[in-house]
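*Asks:* One structure, pasted below without further comment.
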Amino acid sequence: MDLFPILVVVLMTDTVLGKFQIVFPDQNELEWRPVVGDSRHCPQSSEMQFDGSRSQTILTGKAPVGITPSKSDGFICHAAKWVTTCDFRWYGPKYITHSIHHLRPTTSDCETALQRYKDGSLINLGFPPESCGYATVTDSEAMLVQVTPHHVGVDDYRGHWIDPLFPGGECSTNFCDTVHNSSVWIPKSQKTDICAQSFKNIKMTASYPSEGALVSDRFAFHSAYHPNMPGSTVCIMDFCEQKGLRFTNGEWMGLNVEQSIREKKISAIFPNCVAGTEIRATLESEGARTLTWETQRMLDYSLCQNTWDKVSRKEPLSPLDLSYLSPRAPGKGMAYTVINGTLHSAHAKYIRTWIDYGEMKEIKGGRGEYSKAPELLWSQWFDFGPFKIGPNGLLHTGKTFKFPLYLIGAGIIDEDLHELDEAAPIDHPQMPDAKSVLPEDEEIFFGDTGVSKNPIELIQGWFSNWRESVMAIVGIVLLIVVTFLAIKTVRVLNCLWRPRKKRIVRQEVDVESRLNHFEMRGFPEYVKR
């Protein structure tokens, strides 16, 4: 099935008076960090589109903006067993290899390493020196714990940490497991009272039919930071001693529920939330449920997972591939780019943004509202082949700026969007350090290294490299032959160099004995002669 006709329908953006509405980070620069292997986050799909002829009312309310910004400082604690293996063959050669093994750090390991990191005394000693024993395979081991800064997102309503690196996308403790079994995440500061945070004024647009009864099923809501959300599941809920609306995506906004929409109070339109209802702001917020939207979600998800498959296979990526990882709706999400051949990610808040077209000479647009004056959208660029790259495949060719996702949505693609560059993840958090301390002619690999003194494994090791084994056997045979010839040569020379007198004495003794023998046999005459 050809995906491009579908993409034209799926990715078409809203057009207002010749301008495109897209979603884009609300900051010009982000905090980037390398993507570790096993990360496969895919964003929520495009928002539902509602009838634009409906009446609209602007509701002014407040939403929490977090005790911290949209990201939180913290550290990833990596632990690994660094192994130097010496394979000392019985016939002489030594084979030295190095490997790094996954090892889950303990709380005490990370606390000690973090304190050393803050003191500036945390160092990487590298691989231990080899220890070799004849005809055996010997491992020298060293446990290394490293700490690296890592920002995560924050759920403003529950205080949970959110990041694709966490199993399930979130963590509520101060010692968080990650999808990488040799790494854990530790926050820089402890969580405080969630209600002590500040609340930001937000304008939420409520749309509804111009005629007919006002019931919750006929409402829809959206803002600069929120996708279009149906009102069927909206309910009234208290948060931090304030009344407000809990929306379909799980988020909440405080407002006066006694104000009216078309002479009907909000409290009379929407029901109270049932006991136990949770409000949340994660990377996986819920959305509307319709057949068309679900089909779109499946297509978006398959394109996103196809990009992650390429990342797992360490294939080069194009700007178009990166664009499939970007969110399609406003709100919290992840951004991706390529830095020095390595895939990086960052937490971002996506806001509705209006641009002139998918390809522009200046990277400017209106953030939040269509009527806002254009402003600079992005200023952080990284090398990508002959071009520069920003978030989610945004390409700077030197002459123009291209948004791949929105160009292909309009059926416009060119060779620039297919420019390839390396964008591999980090296989192991300590691999870059290993390469910096290991000679280039040595080998780094994962898995079990070294064997015990099992004789079967030992013999198998002898013939692991048949060319060297054959040469060694030939050398041993030649050594035996040369040794044998040397011994024979010494014996022959020894015989040749013995004095002649000894042989004469033997002959005289032999003649005398023969004469005595004849005399005893009765031949004296013969003896006298």
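In case you wondered, yes, glycine gets a Cβ from its N, Cα and C as well.
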*Asks:* Taking 319-341, 342-364, 365-387, 388-410 as the choices, which stretch does Swiss-Prot tie to region 'Trimerization'?
*Replies:* 388-410
*Asks:* Among C42, C110, which cysteine is annotated in Swiss-Prot as forming a disulphide with C77?
*Replies:* C110
*Asks:* Among C240, C273, which cysteine does Swiss-Prot link to C235 through a disulfide?
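*Replies:* Answer per Swiss-Prot: C273.
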*Asks:* Scan C42, C86, C195 and flag the one Swiss-Prot records as disulfide-linked to C132.
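*Replies:* Of the candidates C42, C86, C195, the one Swiss-Prot pairs with C132 is C86.
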*Asks:* Could you tally the C-beta atoms, other than its own, that fall within 10 angstroms of the C-beta of N181 (N-linked glycosylation site)?
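*Replies:* Its Cβ has 12 other Cβ atoms within 10 Å.
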*Asks:* Averaged over the region 'Trimerization' (388-410), what pLDDT does the prediction give?
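*Replies:* Per the prediction, mean pLDDT sits at 84 for the region 'Trimerization' (388-410).
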*Asks:* Could you give me the DSSP helix, strand and coil counts for the region 'Trimerization' (388-410)?
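*Replies:* For the region 'Trimerization' (388-410), the helix, strand and coil counts are 9 helix, 6 strand, 8 coil.
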*Asks:* Are there residues of the same chain, six or more positions away from N340 (N-linked glycosylation site), whose CB falls under 8 angstroms from its CB, and which are they?
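*Replies:* Non-local contacts for N340 (N-linked glycosylation site): F382, D383.
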*Asks:* Just to be sure I understand, if DSSP states are collapsed into helix, strand and coil, how many residues of the region 'Fusion peptide' (55-174) fall in each?
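*Replies:* When I sort the residues of the region 'Fusion peptide' (55-174) into the three classes, I find 16 helix, 56 strand, 48 coil.
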